[in-house]
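Taken verbatim from Swiss-Prot:
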REGION    1-31  region 'Disordered'
TOPO_DOM  6-85  topological domain 'Cytoplasmic'
TOPO_DOM  107-129  topological domain 'Extracellular'
TOPO_DOM  151-286  topological domain 'Cytoplasmic'
REGION    212-231  region 'Disordered'
TOPO_DOM  307-318  topological domain 'Extracellular'
TOPO_DOM  337-769  topological domain 'Cytoplasmic'
MOD_RES   T570  phosphothreonine
BINDING   D714, D718  Mg(2+) binding site
TOPO_DOM  790-799  topological domain 'Extracellular'
TOPO_DOM  821-840  topological domain 'Cytoplasmic'
TOPO_DOM  864-915  topological domain 'Extracellular'
TOPO_DOM  936-948  topological domain 'Cytoplasmic'
TOPO_DOM  968-982  topological domain 'Extracellular'
TOPO_DOM  1004-1020  topological domain 'Cytoplasmic'
Amino acid sequence: MGRGAGREYSPAATTAENGGGKKKQKEKELDELKKEVAMDDHKLSLDELGRKYQVDLSKGLTNQRAQDVLARDGPNALTPPPTTPEWVKFCRQLFGGFSILLWIGAILCFLAYGIQAAMEDEPSNDNLYLGVVLAAVVIVTGCFSYYQEAKSSKIMDSFKNMVPQQALVIREGEKMQINAEEVVVGDLVEVKGGDRVPADLRIISSHGCKVDNSSLTGESEPQTRSPEFTHENPLETRNICFFSTNCVEGTARGIVIATGDRTVMGRIATLASGLEVGRTPIAMEIEHFIQLITGVAVFPGVSFFVLSLILGYSWLEAVIFLIGIIVANVPEGLLATVTVCLTLTAKRMARKNCLVKNLEAVETLGSTSTICSDKTGTLTQNRMTVAHMWFDNQIREADTTEDQSGATFDKRSPTWTALSRIAGLCNRAVFKAGQENISVSKRDTAGDASESALLKCIELSCGSVRKMRDRNPKVAEIPFNSTNKYQLSIHEREDSPQSHVLVMKGAPERILDRCPTILVQGKEIPLDKEMQDAFQNAYMELGGLGERVLGFCQLNLPSGKFPRGFKFDTDELNFPTEKLCFVGLMSMIDPPRAAVPDAVGKCRSAGIKVIMVTGDHPITAKAIAKGVGIISEGNETVEDIAARLNIPMSQVNPREAKACVVHGSDLKDMTSEQLDEILKNHTEIVFARTSPQQKLVIVEGCQRQGAIVAVTGDGVNDSPALKKADIGIAMGISGSDVSKQAADMILLDDNFASIVTGVEEGRLVFDNLKKSIAYTLTSNIPEITPFLLFIIANIPLPLGTVTILCIDLGTDMVPAISLAYEAAESDIMKRQPRNSQTDKLVNERLISMAYGQIGMIQALGGFFTYFVILAENGFLPSRLLGIRLDWDDRTMNDLEDSYGQEWTYEQRKVVEFTCHTAFFASIVVVQWADLIICKTRRNSVFQQGMKNKILIFGLLEETALAAFLSYCPGMGVALRMYPLKVTWWFCAFPYSLLIFIYDEVRKLILRRYPGGWVEKETYY
């Protein structure tokens, strides 16, 4: 980043004259950020570095120069991501998506009331009530959704912990602690074990310095840092330390080469906050649904408006009818139902360790077709564990299970005793204090990952390592360094009071070079060609499994030459380090989590492609991918085919290989077309040694294929990809704050298996929303048809506005919500992911089922009840046709019925309102059957069972509410609802039964003839 890419480039400093320019500028910036880190500071010699940054490498900057640079570059801090003001979030909830439909309904109601008030002396208040209720529904639901999201985002308020608070700099030769924000380019900085690196540094001197780069590159092993230039790629070279990574051990000095937003970490954070986030699938579904419902509402509204003008109504009356029909089509309760469904699912997911930040992401996870998963910590346990050992010329399997219930081997061999002693003594890792009651595998250790793995392995199989070390006290030690690649220590032997033992571990080939003999069955024998081949084969086999292999050897020092109290000199080496005895190998791996292979299998049967994207080594990545089933058994990569047929890789047709391992350096040179080719033609893909920017490129590639992509990540390096993906999933335990900020969902237990649970919940919520909507929309037909017949056939109004509201916001609410608790149908994880182009939340088939089939049967039930009651009161159906004008005439108090009885206006209205109540009750009765048939889309209700207790409660609740509204004293005045004869409740029963039988037969045909005509026309 140095001068070229660093200082002059500042994301914040770019402005353009006009809006269009700004957008182009922003796109250009993002493309700039997506490129690999451009930097040449790691290649410069120390003199060139000093000249470039005008700094004395021993004394640091002058205070004056530091102030000038600070004034020029600004503080060493990340620009916080732009946040949405709270009022904007609240308005989005009030006016977004579904709410718009209800607002339009409310405005139309007030308009209708205004027209009526202008025309009539005593206007009916129905439309006014309806408008107020609609507005109230939107406001209450909006507040509820806003509260839900605000609660989740509280958990997210972080980002502040990203920057280390203090830094140790050397200026004018003086060491001083300053606020990390005041560090400037060119500063000489010192870091030690436990510090966070305050800016991007070029190392000029170091002593055993190791840094943890896992949040940046995804490598779990601490990386050595030294002044040497070791790699072209600045992310891989040893002489650069990155802002906000942790120094684990040792000390180092370095020159600051970038600060704040210009650091590698800063670029990633800027990239993440600059990415455009697409709309969620469910938001698009709700938009599509609104268009459908609007069409369904406006078309009959306009048709009947024209018809009523033809029938001779005044145009003002026709406008009132038009508004009435449109409003009757608005499902008032549905907004609340959808919100509650999503909230319930989010709560259920939180119980299963998935924290959802925005409600709509719940469903996105269900429509996921590709998961790009990180390896370290998500698919694996993120703790190095001893996996295999080789001694006595045999490879033995160690126990890597989380509960230590796995493989065991014979621990009586004297060679194993020697090997375990070396691994325990030649080891600087220790358990942290106060963990006696915690199981060994879960204890925290101080020390490097490989040594901690050895410590736990020996503790489990041989008992306390501390006691072993106490019995064999250490008298000298040479720590591991990158030049000689071994670690050595000398101990007093417990089994021989006068002598010492020298124990050594390190890179296997280096250890073997020092050993002319090998220990087999406790006996030292010469290391001949045969044994060397055996060693080579074992080493290759373990290395091929992606494991990190260490060699162990020892030498019993002769007591004559090295008696107790001998002063061992580790600088001048006054003791032998050659002619040792080789004992064995131990190999370590970060093992897969127990539940992952099963979860990957579930993804496969659900049609979801799992791609591994990791910063780790290709061999390790491939081994883990095979271990968890991302590369399934029997599937080969190009390399495997070439090795099997013994031909060069260039001769293999890449299309023959189902699996594919792509190296980051190859990905760097690929065009988008080549990447698309790989994603299209290979079903099982592993990307290894990838950089953060490449993860983003991979996500965009998958999205170009039309996939809905979920990405998991824990490091800062993952945040751009998390933001760009359709759903970003961050890790709750190991995740950095930045990644949690960018994600839509957080896995509280860091376990890949929880994602699969999330996918199932997401699919379930989509299914259940469909069922809820189908249930809610069905009652629209028996609510609208009375109004239409009232206009066309001029009969007394069969169902009033107030009673419609009692259905939509009263009796239908709990049953509709209860469908959110419905268990999954048996095929939910066997289906292919939903195709967002063809499989809509509400499609034409659902509308035709709800309106054209079930809704019509319900309307018949309602009209049957209506005609029965009026006939019992003396008005036969033939007398009702055309009676409307006389019926509603306040001055007419002698209207005759079919038998010649005279009715006053008041008496007529009591009968009419009793009809409204009965029509309402019959809708409740037919909705019983509708609720039960909506439990399943394909299975029979008898297969699904009635285990949903909330649904049974919903049935009882809607019935109790209907009875209460009908029989409660005073309802005649408040809601104009009157008590019904018991027999009138039974009028709709046959229709309810008919709905149930009709739908069971339809589903039977669906199951018998999949893909047939019935499925094409009625499966929603």
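Placement of Cβ uses the backbone N, Cα and C atoms for every residue, glycine included.
Across the structure, D718 (Mg(2+) binding site) and T570 (phosphothreonine) are spaced 44 Å apart at their Cα atoms. On a Cα basis, the residue listed as 'phosphothreonine' lies 42 Å away from D714 (Mg(2+) binding site).
For the topological domain 'Extracellular' (307-318), the DSSP-based tally of helix, strand and coil residues reads 8 helix, 0 strand, 4 coil. Remote same-chain partners of the topological domain 'Cytoplasmic' (936-948), defined as residues 6 or more beyond its termini with a Cβ less than 8 Å from a stretch Cβ, comprise 767, 770-771, 818, 821-823, 825-827, 1000, 1003-1004, 1006-1007, 1019-1020.
Among residues of the same chain six or more beyond the topological domain 'Extracellular' (968-982), those with a C-beta under 8 A of the stretch's C-beta atoms are 800, 802-803, 806, 910, 913-914, 916-918, 920-921.
Neighbour counts of Cβ atoms within 10 Å were taken for the binding-site residues D714, D718; the minimum is at D714. All chains included, 14 other C-beta atoms sit within 10 angstroms of the C-beta of the residue listed as 'phosphothreonine'. On the 0 to 100 pLDDT scale, the topological domain 'Cytoplasmic' (151-286) averages 82 in the predicted structure. Outside the topological domain 'Extracellular' (790-799), and at least 6 residues removed from its termini, the chain residues within Cβ reach (under 8 Å) are 304, 307-308, 311, 313, 321, 782-783, 862-863, 866, 870, 880-885, 887-888, 908, 912, 915-916, 919-920. Below 8 angstroms of C-beta separation, residues 770, 774, 843, 845-846, 848-849, 853, 937-940 of the same chain, each at least six residues beyond the ends of the topological domain 'Cytoplasmic' (1004-1020), sit close to that stretch. For the topological domain 'Cytoplasmic' (1004-1020), the DSSP counts in helix, strand and coil order read 11 helix, 0 strand, 6 coil. Within the chain, the topological domain 'Extracellular' (107-129) has long-range Cβ neighbours (under 8 A, six or more residues past its boundaries) at 316, 319-320, 323-324, 326-327, 800-802, 805.
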